[in-house]
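Structure first, commentary second.
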Amino acid sequence: MASYEYVSPEQLAGFDKYKYSAVDTNPLSLYVMHPFWNTVVKVFPTWLAPNLITFSGFLLVVFNFLLLAYFDPDFYASAPGHKHVPDWVWIVVGILNFMAYTLDGVDGKQARRTNSSTPLGELFDHGLDSWSCVYFVVTVYSIFGRGSSGVSVFVLYLLLWVVLFSFILSHWEKYNTGILFLPWGYDISQVTISFVYIVTAVVGVEAWYEPFLFNFLYRDLFTAMIIGCALCVTLPMSLLNFFRSYKNNTLKHNSVYEAVVPFFSPCLLFILSTAWILLSPSDILELHPRVFYLMVGTAFANSTCQLIVCQMSSTRCPTLNWLLLPLFAIVMVVNVGVTPYVESVLLFALTAAFTLAHVHYGVRVVKQLSNHFHIYPFSLRKPNSD
């Protein structure tokens with residue numbers, strides 16, 4: 001299992017033919033962030049591997065998640081009457097979030113600057129982005145929390161899924177059209193949330209208790225922005241791009257089944273995880289929301305990474321992800337009836353298993369592609385130069 005090869009020979013051959021194709025029409029990205037990133041990238045030495053920049057940004061996102069997990073383990077810290085997260089933590093989180101966003105924007109520029117662009121770099125970047133979704137959303141949740149002034153853990157669960165499906169839409173587009181249309185919501189959300197973290201440190205979480213407009217609370221604005229961006233921007237633009245490709249007869253998959261197969265695993269994951277919440281005898285989401293979110297986000301990231309491999313290699317996306325089998329089994333067990341302790345053990349064990357399986361998948365895929373392209377993933381040196 002340690003040397004299992006996830007990327008097939010057919011997919012490796014497909015990577016050899018791969019050409020990067022992306023479209024970015026976001027004014028914030030084009031006229032503000034890209035000029036900023038073009039300046040920042042000059043700070044980095046030319047010996048620094050782009051994948052190291054990518055991985056550093058991801059680690060900052062995970063660090064923010066862990067930092068707030070320490071100060072706000074159950075999402076009650078921002079609620080009235082509870083001990084709040086220290087102001088300095090919000091400043092650190094805001095700065096690191098913007099740094100992570102900047103590193104995510106700079107890595108590709110460093111690759112082109114050092115003439116080291118490879119399909120592995122794009123896969124590594126987007127693969128880590130898919131896992132970052134859950135860390136980012138759950139960290140933002142601590143601003144409002146789940147008290148009387150916050151958002152319930154189930155509503156956050158649904159909002160997490162809105163973000164996850166918004167993310168996979170872009171890669172579904174590319175799977176069908178061959179072009180990655182970069183979503184507008186990403187840049188706007190990253191800049192906005194980084195600013196909100198800093199503002200929270202200045203005004204305190206109590207400021208978010210007050211109505212934003214009439215009886216419309218900031219938590220409602222938070223919810224409305226996520227849903228509105230998905231329904232009014234991300235989804236319509238994805239469907240429009242798909243329809244244009246259809247009209248131009250440039251779709252890569254002719255049948256409806258092949259076109260929508262990337263959604264099968266994420267949809268089944270949503271059904272199974274929601275069924276667990278609804279059937280849970282111990283109200284597992286209320287009991288361990290952070291762990292449950294991580295379990296869902298990790299399984300989603302694994303399915304998304306498989307989709308990205310297929311889209312880049314022009315191969316068929318797998319119908320189902322095997323990680324869903326143990327989740328299905330646990331939902332069946334929970335439906336029969338288990339004690340709260342056993343259910344908690346099952347959740348923690350499944351989350352650990354998903355994490356290990358996903359890390360193993362990532363390490364092996366990076367290893368395979370590194371060997372295939374004869375490169376070091378975290379160094380600009382060539383293997384034959386040793």
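Yeah, the Cβs are placed from backbone N, Cα and C, and that goes for glycine too.
Curation plays no part in TrEMBL annotations; they are all automatic predictions.
TrEMBL assigns the feature transmembrane segment to one of the listed ranges (127-144, 181-198), namely 127-144. Among residues of the same chain six or more beyond the transmembrane segment (88-106), those with a C-beta under 8 A of the stretch's C-beta atoms are 33-34, 36-37, 40-41, 44, 53-54, 56-58, 60-61, 63-64, 67-68, 71, 125, 129, 132, 136, 139, 190-191, 193-198, 200-201.
The recorded stretches the transmembrane segment (255-279) and the transmembrane segment (221-243) do not share 3+ CB pairs below 8 A when only pairs 6 or more apart in sequence are counted, and are therefore not in contact. Sequence-remote contacts of a segment are chain residues at least 6 beyond its ends whose Cβ falls under 8 Å from one of its Cβ atoms, and for the transmembrane segment (47-68) they are 85, 89, 92-93, 96-97, 99-104, 106-108, 110-111, 114, 116-117, 120-121, 124-125, 128, 131-132, 135-136, 138-139, 142, 376-380.
With respect to Cβ pairs under 8 Å, the transmembrane segment (291-310) is most closely packed against 345-363, considering the stretches 150-170, 322-339, 345-363.
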